[in-house]
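Single-structure report; data block below.
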Amino acid sequence: MEERLVSGYELTEDENEFSLRPRRLSEYIGQQKVKETISIFIEAAKKRNEALDHVLLFGPPGLGKTTLATIIANELGVDIKITSGPALERPGDLAAILTNLGEKDVLFIDEIHRLPRIVEEVLYSAMEDFALDIMLGKGPGARSLRLSLPKFTLIGATTRAGLLTSPLRDRFGMVHRLEFYSVEELMLIINRSAALLKTEITPEGSFEIAKRSRGTPRIANRLLKRVRDYAEVRSSGVINLENAKAALDLLEIDELGLDPTDRLILKTMIEKYQGGPVGIEAIAAAISEEVDTIEDVYEPFLLQIGFIKRTPRGRVVTKLAYDHLGIAYNKNAGELSLW
């Protein structure tokens with residue numbers, strides 16, 4: 001899959017984004033309810049001199065789950081170890097990390113829904129009893145050895161909470177969903193990032209970037225950098241409405257943040273399948289893309305803005321999408337054909 005500017009997933013170019021990330025809860029913009037709840041539990045844990053309870057963060061990619069995990073560790077004044085579900089292939093991989101944690105440290109596992117089952121089962125006793133059960137030997141003579149672990153905090157992150165098993169999900173004391181950001185919140189993030197990048201930006205320029213950022217801070221910061229490049233080369237270096245609009249139009253990111261692939265999906269559904277209902281497999285085949293990629297990368301935002309609907313018979317393009325694309329809406333097709 002090619003790297004998309006408007007993808008919420010981390011791209012190669014985002015590796016240098018750490019300088020823009022907030023380090024304290026007071027600097028973290030948005031997610032007010034989540035932030036307030038976590039702040040209370042952090043203070044309570046510090047007062048009791050205990051490890052924070054385990055935390056599960058879920059929601060679309062790019063909303064700040066990794067950033068929030070790092071902030072939690074900073075607020076607790078402890079170290080954080082960052083890994084991911086796919087990186088923990090064997091129980092030994094997890095054991096090596098757990099045995100090197102300090103008291104009250106944070107272990108952050110991104111994409112926790114992709115943990116191999118055998119590794120997940122080792123995690124149960126670690127989360128609940130702060131212990132590792134290790135099997136010594138094989139066959140009838142095998143015996144179990146319990147190894148004590150420091151009391152740590154596990155923070156799991158996932159974009160697909162529904163794929164977590166019940167035993168794992170039930171072991172998290174705190175479960176928080178991160179929501180898409182408002183345009184106003186994204187403007188605050190863009191203005192903060194512009195200041196850190198030493199780039200001058202007008203309110204109109206900030207608004208233009210924010211409204212095309214799909215409610216996602218990671219995308220907002222990515223687009224800000226691209227618009228900054230355009231402003232420095234084609235203008236005075238100040239990001240205003242004119243050069244923000246010109247830069248984003250050049251990148252083919254429209255007023256709502258849709259890119260060419262988003263529009264291709266919608267037009268394919270309209271032109272080849274009369275707006276639906278159409279199965280996800282048919283859409284994937286028509287645009288030569290994987291089903292999982294469409295479900296994980298493209299579809300969530302189109303659902304969020306109401307451009308497509310999921311129905312028992314398949315996906316349907318709504319009138320909103322027709323209007324946005326400038327295509328005449330056929331009342332005998334699409335969503336109305338369901339009835």
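The backbone N, Cα and C atoms fix where each Cβ goes, and this holds for glycine too.
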Checklist line | Recorded ATP site member, picked from ARG218, ARG222, ARG226, that accompanies LEU20, ARG21, GLY62, LYS65, THR66, THR67, GLU128, ASP129, PHE130, ARG171, TYR181 in Swiss-Prot | finding: ARG218
Check: Given the binding-site residues GLY62, GLU128, ARG315, and counting only Cβ atoms in the protein chains shown, which has the most within 10 Å of its Cβ?
Finding: GLY62
Notebook entry, point to check: Mean pLDDT, the region 'Small ATPAse domain (RuvB-S)' (182-252)?
Noted result: 93
Item checked: Residue pair TYR181 (ATP binding site), ARG315 (DNA binding site) - Cα distance, angstrom, rounded -> 25
Notebook entry, point to check: Counting other Cβ atoms within 10 Å of each Cβ, which of the binding-site residues PHE130, TYR181 scores lowest?
Noted result: PHE130
Checklist line | the region 'Small ATPAse domain (RuvB-S)' (182-252) - residue tally per DSSP class, helix then strand then coil | finding: 51 helix, 2 strand, 18 coil
Next item on the list: Would you give the longest CA-CA distance, in whole angstrom, between residues of LEU20, ARG21, GLY62, LYS65, THR66, THR67, GLU128, ASP129, PHE130, ARG171, TYR181, ARG218, the set recorded as binding ATP?
Entry: 37
